[in-house]
Amino acid sequence: MFNLPNPQIGGPELFVLEFGDIVAYFSPYTAVLFAFALLFTVLVIVSRPERQVDIAFGGDAYYTKEVEPDLLRFQRFMAIACGLATLGAMVTGDVFNFTLFASMIGITNIGIVAAYRNRHVLNAAFQYGIVAMLATVPLFGGAAIVLSSTGTLSMWELFTAAVAVPLIAKAFLVLGVMGEGMAPFYIAKAEITRAQGAPFILMVHVSSLLLFLRVMEIVISM
Amino acid sequence: MIEYLLFATFIGLLFHGIHRKVIARVQGRPGPPIWQEILHTLKFSFKETWIPKTASQTLFVGIVFVAIAIWSGALFILLSGGSILLLFAVYLLHKIVEHGMGLSTGSPYTKFGAIRSVISAASELPLLVTVVAIYFFTRSLSIADITAYQEVNGPLLIIAFPAAVAMYLVILSKMHYGPFSIIEAKEIVSGNMTEHFGVWRAGLEVAYALKTYVLLYAFVLIFIGSLPLWLALLAMLIVLVSLSFVCAVTPMLSPYDTVTIQSLVTGALIIYIVILGVVMG
């Protein structure tokens, strides 16, 4: 019933999942990204955080920091939510759903680090929050331009040669994803990684990279 | 497939040994024998192994298996003529491995390595631009289609030379002892690998050997074309030796300088792509 219009980019379609008129699909490309997101979501669920070793300056002493149970529960909850949003973004066949998942990833990424009581980490989370908020304008604006210029948001239609998506819409989508997911790379990530809870902090990175990989496939295919 | 995986691991480790030997000879040192990395991996495989008390245990162990899995998958993609977008994905996922490896231990040295790995995210950008540049010419990202295109039109190394330079830089970014190897710099002990020893280190050596093999083979396939295995290995060796020369004569850059250089190369390639877009419509 469904055939991906351009299998030369992410490979042929393997499996589709219909939700009414929204049809998620698994190609070799999206399936690999989905599997990777799933693997790290499972790792988040089963892992306990590391105990960071800090050196006490001015002496030979060092101490290990423990993650408080409340913080652990909150970080894990946010990381799982981030994993679920990433899973959705990897296989959705609808541009608007993709933008929704992308913004949810941005929110949960901030949540993972914002609960950690450290001035540097909180500053970084605050900066990330501002960029993520600003990025919703090009992100949803890109989807809106796609809809207004082509009449559809379905990737099954947009990927065909008959539908021409304006370059500005593609640029806005990439810009929006960079703001939502990739923001920490450029403004705050080094500071964010000061926070404890390796499996949860790693989810920030996993979701960013996977989101970037997916938007590349979408933009090249359109 | 299993026998090819073993073959690629063996060749990858041998390449690492040759890399060290060439660097040493250029610098006027005798250097280790070329099979040294194979011996290292065997030695690590039988060493006493445990998990540091401060580590996030599941992540500490899991990340080693993830590293082996993604590069085995990348080898499969190459052999099956899959999409270079998938290969690009694997390259990016390797960044998560580097990051996760560093964060999982609790050690400040590995954490520094992990943070440097995040800072050097710019090393992925030239590869992305390479992918886009190749798509301009071949109108497909399938490796099978790219090699078929080269059989008709000649090697992309000549047709899309700037893209080949960018991919060369990408491979250089991942070479040991190179100007961009900031995540395993000696001032932070062994960077993000510091706490992975014994069997875990052996696993990582295997994954890194596969990575070297895959990246070099991908370069040959994408920019020269499909060759008989012995000729492909020879071409890979030539690329490797040239990389070793660069590593031998270039000091390690500071973290921010690596980002600057990689970003400049990306910028130059974006200009190249814009020109391509205008010229080729």
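Keep in mind that glycine also has a Cβ here, set from the backbone N, Cα and C atoms.
A TrEMBL annotation is a machine prediction, not a hand-curated record.
Annotation source TrEMBL lists transmembrane segment at B:60-93 (among others).
The transmembrane segment annotation in TrEMBL covers B:114-137 (among others).
Per TrEMBL, transmembrane segment is recorded for B:157-177 (among others).
Per TrEMBL, the feature transmembrane segment maps to B:198-224 (among others).
What TrEMBL lists as transmembrane segment is B:230-249 (among others).
What TrEMBL records for B:261-280 (among others) is transmembrane segment.
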Problem - Long-range Cβ neighbours of the transmembrane segment (B:60-93) (under 8 Å; 6 or more residues past either end) - result: 1, 4-5, 8, 51-52, 100-101, 104-105, 124, 127-128, 131, 134, 141-144, 146-147, 170, 195-196, 200, 203-204, 206-208, 210-211, 213-215, 217-218, 221-222
Problem - Residues from the same chain, set at least six apart from the ends of the transmembrane segment (B:261-280), whose C-beta lies under 8 A from its own - result: 120, 122-123, 125-126, 129-130, 132-133, 136, 162-163, 165-166, 169, 173, 180, 253
Fill in the blank from the handout: Long-range CB partners for the transmembrane segment (B:230-249) (under 8 A, at least six residues beyond its ends), listed in sequence order, are 11, 15, 18-19, 22-23, 26-27, 168, 171-172, 175-179, 212-213, 216-217, 219-221, 224
